[in-house]
Amino acid sequence: MMQRPFRPEEYSLKETSPHLGGGAAGDKLTTTYDLVEQMQYLYVRVVKAKDLPSKDITGSCDPYVEVKLGNYKGTTRHFEKKTNPEWNQVFAFSKERIQSSVVEIIVKDKDFVKDDFIGRVLFDLNEVPKRVPPDSPLAPQWYRLEERNGHKVKGELMLAVWMGTQADEAFPEAWHSDAASIPGDGLASIRSKVYLTPKLWYLRVNVIEAQDLIPNDRTRFPDVYVKAMLGNQALRTRVSPSRTLNPMWNEDLMFVAAEPFEEHLILSVEDRIAPGKDDVLGRTIISLQHVPRRLDHKLLNSQWYNLEKHVIVDGEQKKETKFSSRIHLRICLEGGYHVLDESTHYSSDLRPTAKQLWKHSIGILELGILTAQGLLPMKTKDGRGTTDAYCVAKYGQKWVRTRTIIDSFTPKWNEQYTWEVYDPCTVITIGVFDNCHLNGGEKANGARDTRIGKVRIRLSTLETDRVYTHAYPLIVLTPAGVKKMGEVQLAVRFTCSSLLNMMHLYSQPLLPKMHYVHPLSVMQVDNLRRQATNIVSTRLSRAEPPLRKEIVEYMLDVDSHMWSMRKSKANFFRIMGVLSPLIAVAKWFDQICHWRNPLTTILIHILFVILVLYPELILPTIFLYLFLIGVWYYRWRPRQPPHMDTRLSHAESAHPDELDEEFDTFPTSRPPDIVRMRYDRLRSVAGRIQTVVGDLATQGERLQSLLSWRDPRATALFVTFCFVAAIVLYVTPFRVVVFLAGLYTLRHPRFRHKMPSVPLNFFRRLPARTDSML
């Protein structure tokens, strides 16, 4: 199959010009939603009814209300045997899709065969009032029911009908006409919602010692360790080096705990009898509600806990309390750390857990999620492709989810959200997904919402008080290659409340103080981040509607640490991009030294002489040069936010087998021959890296051998040279030495020869430890 040619313009950022806030005309009724396009809706609030007539033979009434506008029809829930029901439900009809000039509200009596007509109320849309916040809500009124011929009948209906926008308070919970095909139990999964990340703490358990342990086997010295469990997190200490009944460890175990504290900390002291066989010598259970909280690095008081021993009597586990062993612990909840639950490269929040340590916010981030264009079909329904798209945005502890737009490749959300900003060097993440749970959350048979694409925007790359309106490409990487799924249009504004405070932040540490005073190891940070993301995804998946685990993991980049040949190549070329200016300077200096451009070389000679004669000008010259470069580049400063770059990511040039390897499970699920081939390829790459690392080590060892007398003749020569150089440099003015060294470096090619220099020859002859390698 021929691959479609790569076109970079498809994956580029495009500036847009939407009519934000209703445009510049007088139609702009509110400034609350000034980063989205205004959407008009007809709202119908059905509050309650009274004095409804009985229609059944039994003399009862099972009423419900049907709101009808053209081909759209929404119904309330029905009540059994109730003549004065209360519904308090809101219906919203998009003005773009209104096909009638009259809205009809019909009260019906639910029946087994055919629902009976009780009465109706009609409204002419031309007479419906307009209402936009911050106006007060429209007060509902009683309306007398009518027959189809216009005659009044018994019964009244309390209603409120108005024209409004998506800024209306009733909008999030309203029944929407574009979701008319969704059953009642699926409506919860399509509404917009705001979620909060649970408050996360690091739990530090300092296991100090135990006393008076009673082993089951008293003929041997016990090999004792402590096992700690918090929910599904399990850690253990090393085996105590003191094989006694009073072992000591003084070892820290770190966990992640989330408020409200539902799990208990369980510690058990165990004796390792043989591999795979351990005896529990005692256990204690500690509630986190009573654990002290620490805001700095000061030591808290330790505490002794009694160890309970459980024995099995007649098949039942009972507590044995003959003699109590004890364990010495220092436990605290660390409030001075920031619990990392997202990749450190894309952090959206850097504040410590304890709110007392938070600094004041420096600004407001506003995000308008407008529309999407050109979305691809994500699933098949009734024999045709369809997409039910929604967006999720995450910044700090606040997650937002837009409503789901049913069956549309160009969905319009026009929803606006705000966040407080505490640090500009943070990233907001916006993801677009396809909703696969429209038939009710539990009826989807384990379906997973499909990812359509993701956008990241770093706040420090934005100018303050400027509105950025762009169409961002939605790009996903599949085993078949890179694929554009469409575009999402966003409006972003970062407003700074104090420029001085924001500038001051650039001089502050990125993470809270405890990360530097009492740092965690790299392995601890990785393990704790994995536990934190697991807790966050579990908690948010229990919300209603749930923010499902696959969504949270995609937004938090859970699999970013997995091996990828493509990412390795991309990172290598990123390093080369960083080093390329240095390489260019080295090439330029080599051309100067070889007099490729005599005029430039002469000018460099003159500059060099000036700097030797006036060395106090060196640093001012360097900083002035950097200043001029920065001012010169200001004209070509980036005017657009950064976006996903397929060329930088090496996504368009990745080999299919490399992509298949990147999407492989862990552990692998591929056939043995493919795994063997990939292992051999990895060995080949690692072999080249091994050679480069070995060469670097060789050069370093040669430097060390200058004074090690490993080669006595070479060291004697070097020591003699150092003694002579010390005398010469002592009696010779420093400026003369620098001047002569510079002239020698910049000498004309006729005074050069192609053979290596004497110092280089000497250095290459020095011994290294490669001779001792197996």
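Using N, Cα and C of the backbone, Cβ positions are placed for all residues, glycine too.
Swiss-Prot lists 1-17 with the feature compositional bias 'Basic and acidic residues'. Marked as region 'Disordered' by Swiss-Prot: 1-25. The annotation domain 'C2 1' is assigned in Swiss-Prot to 23-143. Per Swiss-Prot, the feature Ca(2+) 2 binding site maps to Asp56, Asp109, Asp111, Asp116; the stated evidence is sequence analysis. Annotated Ca(2+) 1 binding site per Swiss-Prot: Asp56, Asp62, Asp109, Asp111, in sequence order. According to Swiss-Prot, the domain 'C2 2' annotation covers 182-305, on the basis of sequence analysis. Annotation source Swiss-Prot lists domain 'C2 3' at 346-472. Per Swiss-Prot, transmembrane segment is recorded for 575-595, 606-626, 714-734.
Mapped onto this structure are the features recorded in Swiss-Prot.
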residue : record                : DSSP (3 states)
Asp62   : Ca(2+) 1 binding site : coil
Asp109  : Ca(2+) 2 binding site : strand
Asp116  : Ca(2+) 2 binding site : strand
Pairwise Cα distance for Asp111 (Ca(2+) 2 binding site)/Asp62 (Ca(2+) 1 binding site) [Å, integer]: 8
Fewest other Cβ within 10 angstroms of its own Cβ, chosen from the binding-site residues Asp62, Asp109, Asp111, Asp116: Asp111
Outside the transmembrane segment (714-734), six or more residues from its ends: residues with CB under 8 Å to it: 705-708, 762, 765-767
Alpha-carbon distance [Asp109 (Ca(2+) 2 binding site); Asp62 (Ca(2+) 1 binding site)] in Å: 5
Secondary structure content, the domain 'C2 3' (346-472) (per DSSP, counts of residues): 10 helix, 63 strand, 54 coil
Confidence summary (mean pLDDT) of the domain 'C2 2' (182-305): 89
Residue counts (helix, strand, coil, in that order) that DSSP gives for the domain 'C2 1' (23-143): 6 helix, 53 strand, 62 coil
